[in-house]
Ligand SMILES: Nc1nc2c(c(=O)[nH]1)N[C@H]1C(S)=C(S)[C@@H](COP(=O)(O)O)O[C@H]1N2
Ligand SMILES: [Mo]
């Protein structure tokens, strides 16, 4: 029996085996940590292995969709490779089986490499390997026979449909099971987080939203999001705890209830990502509710010589926060439980995260935090530090034009300009604009809420018909004025003036 399979059934055997493998792995993973699902594990592995410039490019080009693009790209590659594997198996099934085994090994390595998974998680890629091989061999045998008679052709069709339906049920069951153990219900049960000491109310003139600036407080659903997590970690308050250890007098473990029942503080803070390009929107402001990080550190008793808080997320991501910044009460670093009085949204770190005003997020704002090791810079290197970003990461003084948008057409005559500036922990002193080759001119600033937050600006200019370019620059309260010199985001934040070109007609 050495007749060759026809092209279509051969390719179909490969693709259906792939689908079965992924669904089986997903189902098995759902009983434990869904990140053991081989598809997600390989995706997460790809994120960690991606060279820095490419990662930067992906974030810039695809923004918040970078993960959808990655998962979609992976799916396309997998379908192509598995169809090819099927086509290579037109005479005997073994080339296809070899490809499935290779995939299984890659999945196994990706799962084994994850710091948040234990050995038992390897059952998921194993299930994928077994299901993929079984489905492939079965369909291949039926397909090989199909060429003989009509009734076996029907059998192949039925088996294919059966595989699709069966894997749909398996994969769906996996989603449903991980859903019952997700954190959404736990979050809903927390209720409102009302602080004992509220942040001062935001004055009405803290933004010029009607004139084209962002709203002062960013609604939670619009808060920028940056992280390496392909699937949002699902942590229930009842399963969560935070351990503080290392160079401390006493190791302490905090449970969610212990913290939630304390008198909570509330602070208005503007967070910024170091990957924010000049003019970018990885910057948002919230009323964070939580406990003083300095309180927790004092309870543990930080030993002399300690330099960094090496913080770990439940998904294995790490950040290194300077101890000095964390202990400085004038800065007000927090272990935040909520934003705008709601528990943290899952994608912003539920149940708990750090917020350290004035430092870029990658050194100051670990989400889903479960472990803080008090240590030295030499002893431990955090995720982005190992990948070439700076150790100390104070947020650079920045300003942005929000109105008009680039290449807007506006009536000639009086044109309104508006935007935002930030210099967290220093405060904004002035924002100036410059039209074409004109002189710098002052703008009107919004009321200052506190030095850790952004400040809005607006002004009016008179322009003749034609194309105009407007520049903005901020001066902070230390007296520093933003430099024109352009620098990229790596290693410690972009510099340069933001400008916008618009058409007056
Ligand atoms: N666990 C975890 N925490 C993380 C990150 C991450 O990748 N994983 N990214 C950091 C970075 S780079 C930034 S800028 C902030 C962004 O927080 P947000 O997504 O709530 O805006 O989270 C920080 N905390
Ligand atoms: Mo960031």
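Glycine too: its Cβ is placed from the backbone N, Cα and C atoms.
Ranges compared are 69-88, 189-208, 209-228, and TrEMBL records transmembrane segment for 69-88. Cross-referencing 95-113, 247-265 with TrEMBL places the feature transmembrane segment at 95-113.
Note on the transmembrane segment (95-113): residues 13-14, 17-18, 21, 25, 36, 38, 41-42, 44-45, 48, 78, 81-82, 84-86, 88-89, 121-122, 124-126, 128-129, 132-133, 136-137, 140 of its chain, located 6 or more positions outside it, place their CB under 8 angstroms from a CB of the stretch. With a threshold of 8 Å between CB atoms, the same-chain residues lying at least 6 positions outside the signal peptide (1-23) that come near it are 37-39, 78-79, 82-87, 89-91, 93, 96, 99-100, 103-104, 128-129, 131-136, 139-140, 143-144, 146-147, 156, 160, 163-164, 166-168, 170-171, 174.
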